[in-house]
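Novice: Dropping a structure here in structure tokens format, bear with me for questions.
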Amino acid sequence: LEQKGRLQRLVAKDVQPPDPASIRVLRGHQLPVTCLVISPDDKFIFSGSKDGSLIKCKWEVDSGKRLCVVPGGKKGTEERHMGHASHILCMAISSDDKYLATGDRNKLIMIWDTATCKRLHIFTGHRDAVSGLSFRKGTHQLYSASHDRCVKVWNVAENAYVETLFGHQDVITGLDSLSRECCVTAGGRDGTVRLWKIPEETQLVFSGHQGSIDCIQLINEEHMVSGADDGSLALWGLTKKKLQDARGLERPYWISAVAALRNSDLLATGSHSASVKLWKCGEGFRKLEHLWDIPL
């Protein structure tokens, strides 16, 4: 289905539940894993955690082998140690697989060489925990979001700070971007989702959730999905206002993670309900249909 000149893959109707025996568990972190990214070629996983000794791991997908561990240090020793000295909260990988960015509770963003796991640079400037990171697709432009309510723009290839964007009234809890020079953010308890148009220095504000909006993901260049602590899942059109709420739960479970198979009609959500839920976006992104759960 060609939509506004972009290919839209309709895959949700054909997706099959995974065989529970095929789900592998990778162990190695001492404390909760807070974030991970998969390399663009699907060969490696990078994971970040709350533990001080194993701050960042690189895993091989096929074998499940841990290839590299970056140890952390004590707070204030980040310049001397290779790793973070506080909880890693978010990470992002560039679409050419060259750079990995990690953000921590101690306001720092670290830039790494994905091939060697060597640290290349530290970005400072946020005044509180760094809660979201995203590379603009096809570039080395990095967006960061923080509990200081700001979004910052960086040029990683030149180790340069570009600008700061203001607008949220509460801590920013999530951030995402695709190919366009813009990013989207979730504003926690300020009840808004925002679309930031970087060149125009403008923002669009979307309101609708009742609770704290804790996670956000772009589905394609025209639509996004967000999840909140009241158990609501919202589907938004970037050119219109909110499209759809899904609340198919008798007892609301705080949605702590959302994911979209890019440019398709398939979504996933995570919470403490002991499963990952899969959803189909139906009727031109006007409704959400629950497909099935992956028990965890």
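Glycine is treated like the rest: Cβ placed from N, Cα and C.
Reproduced below are the annotations present in TrEMBL:
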REPEAT    26-54  repeat 'WD'
REPEAT    81-122  repeat 'WD'
REPEAT    123-164  repeat 'WD'
REPEAT    165-206  repeat 'WD'
REPEAT    206-246  repeat 'WD'
Novice: Using a Cβ-Cβ cut-off of under 8 Å, list the residues of the same chain that are 6+ residues beyond the ends of the repeat 'WD' (123-164) and lie near it.
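Specialist: Tertiary neighbours of the repeat 'WD' (123-164) are 89-96, 98-99, 101-111, 170-181, 183, 185, 196, 198.
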Novice: Could you give the residue numbers and ranges of same-chain residues that sit at least 6 residues beyond the repeat 'WD' (206-246) on either side and whose C-beta is under 8 angstroms from one of its C-beta atoms?
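Specialist: For the repeat 'WD' (206-246), the sequence-distant neighbours (Cβ-Cβ under 8 Å, at least 6 residues beyond its ends) are 3-4, 6, 8, 173-180, 184-189, 191-195, 252-260, 262-264, 267, 269, 271, 279, 281, 285-288, 290.
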